[in-house]
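TrEMBL annotations:
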DOMAIN    B:37-345  domain 'ABC-2 type transporter transmembrane'
TRANSMEM  B:34-56  transmembrane segment
TRANSMEM  B:152-172  transmembrane segment
TRANSMEM  B:206-226  transmembrane segment
TRANSMEM  B:238-260  transmembrane segment
TRANSMEM  B:272-291  transmembrane segment
TRANSMEM  B:297-318  transmembrane segment
TRANSMEM  B:327-348  transmembrane segment
Amino acid sequence: MLTVTSVSRSFGDHQVLDGVSFEVRPGRMTGFLGANGSGKTTTMRIVLGVLAAHGGTVSWQGSPVTGAVRQRFGYMPEERGLYPKMGVAEQISWLGQLHGLDRDVARRNTDRLLDQLELGHRAKDKLEELSLGNQQRAQVAAALVHDPVMLILDEPFSGLDPIAVETVLGVLRERAANGVPVLFSSHQLSVVERLCDDVVIISGGRIAADGARDELRTRYGTTRFELVVASDAGWVRDVPGVRVVDVDGPRVVFEPDGDPDVDQVVLAAALRRGPVRGFTPVVPTLDEIFKEVI
Amino acid sequence: MTGVTEQDGGSRGFVAATRLVAEREMKVFLRSKGFWIGLAVIVVGLFAISILPTVFGGGETKVAAVGSEAAEALADTGLEVREVADVAAAEALIRADEVKAAVVPDTTGESATGIRVLALDDPPNSVVAALRTAPPVDLLDPAEVGQDQRQLAIMVFAMVFLIVGMSGTAIAQSTVTEKQTRIVEILVSTVPVRALLAGKIAGHSLLTIGQVLVIAVAGPIALRLGGHQELLALVAPALGWFVPFLVFGFVLLASMWAVAGSLVSRQEDLGSSMGLVMMLVMGPYFGVMFFSDNATVLTVLSFLPFSSAIAMPVRLFAGDAAVWEPLLALGLLAGTVVLTVLLASRIYSGSLLHTGGKLALSKAWAREE
């Protein structure tokens, strides 16, 4: 588990991070959300030791992160980059060695990963000869080649077409399933919503909210329900203990006004009146939570 | 399944990282055309310098002749002959550099053909070779090394230094490529910055040592082909000194080239940060070329780091330097290398992640990130 505790950092007079604390748990995909300039990349760079923190600590399994530990982290920086004139497989395998792998293991891992990322047929080409999407896949391979104990990916899906997103996602999920903590940043909330188990929301250099995605939804969501019946749903207004938020023909959105179990009363009443086409709690999207907390 | 070597932190990881970085630098460079073209230019140049004067030099040589036997011997040689009245007049012409040599009657009975050859300080090979039978040669001011040979040595040492020094631009380019493509962020998050710098310097230094060895082998072959056997015997010890001077000189420049590369973010801006290093390569070259006749300046240059790499071997070649002098100069150079690498390492660390325009040295020094 990676633990970030009270990390702060400023550039000149500008305080970029202010007491940032969160955890990335093993086997979970943690989405790191924030607007541009909110401090996502700075936080990641500090975790990777690329930048120094002015305060606070970053620890791995309870001990401060050292260079030797970091060498086993996998990192995909926001600004992508590999050697343009070097072969794809050659440089990924070299990076694997730089991360501490033996030459043979590095080669084996490279071949396996490139196949998995559907890039095996371009292994011998120079990086600059690849399309941008394929360069991106190579970048993912570079972050994974040494079987990292921790994965940190800055905007890993930007610039990927939908098929590539699925391919990369599959590879990342596999790592997470093997118990690797995965931290990835994104400003595309819909992507994070679909992928992550945990969410950390940063705003203006402070953590605005963090926790399991579903827990956050409950915490920040209202207890609204949506009911769809066969005919007009206007009658719900007259159920005691109910406040109707919106009615549109057969569809109504309401919330309990007092009695928390009134939803069951409404459902029973609806069933007595005729067929019920739909009945669901209204879960807030991350987008809504995001807007609420920042 | 991880197969990750357990790093007990510290030095082992540093050495392994340095070795990997050096390996990559060498591999990439050995594959580039520029490397082989550069080396070919040096070798071809060496052969050209030592062979061409022998081939083309003959026709223009002026010779003074004293007496009929001399004039006869010089007939049909293609040399430009000036007949003078006596030996004293011939010597005057030689000293005035009007003629390269003089052919005079032999009075000692030593010569089979009855003539001798007079020259200033340098056996006039082209003249001797033109005569049907090689006569004895007398030198007016016998020096250990002739003026021509000294000039040749200076030119060769300076050229090689210039070319080797400039090949350090590859380090600056490699550094700026890593910055421009941003792979530097992955590298820095994986291995210590100092290992990156050390690997680059080590890799390119090894390449340079390889090139210097090629030159050290090609040089004597070129001299032999050019008919400079006697020069070869003189060059050999100087060449022995030139190699360590050149290698240390390169490491000194290498760390500075790396800094030059780290201060900018794009290849296009490299020119603006390389000026100082360029001067440190060109300065010694021109300094030694211009002041080759000024013993005092040359002595100073032979101790100053940078220029000592050329000036000290030249002085050794000319036999002007005592044994302790190259040792002291080499010590000074080595000390400067250590100091510069330490300074460069800090500046390199401070500027490597900087993006945007050119970073001032002082800011790079202050950035501890």
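Each residue, glycine too, has its Cβ placed from N, Cα and C.
TrEMBL: automatically predicted annotations, no manual curation.
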Contact yes or no, the transmembrane segment (B:272-291) and the transmembrane segment (B:152-172), 3+ Cβ pairs under 8 Å, gap 6+: yes
When counting Cβ pairs under 8 Å to the transmembrane segment (B:297-318), the leader among B:34-56, B:238-260, B:327-348: B:238-260
Spatial neighbours of the transmembrane segment (B:152-172) far in sequence, C-beta under 8 Å, 6+ residues away: 25, 29, 34-35, 38, 41-42, 45-46, 49-50, 145, 200-201, 204, 207-208, 211-212, 215, 219, 231, 235, 238, 242, 246, 249-250, 253-254, 256-258, 260-261, 270, 273-274, 277, 280-282, 284-285, 288-289, 292, 309-310, 313-314, 317-318
When counting Cβ pairs under 8 Å to the transmembrane segment (B:238-260), the leader among B:34-56, B:206-226, B:327-348: B:327-348
Positions whose Cβ lies under 8 angstroms from the transmembrane segment (B:206-226), at least six residues beyond its ends: 22, 25-26, 29-30, 35, 38-39, 42-43, 46-47, 49-51, 53-54, 156, 160, 164, 167, 232, 235-236, 239, 242-243, 246-247, 250
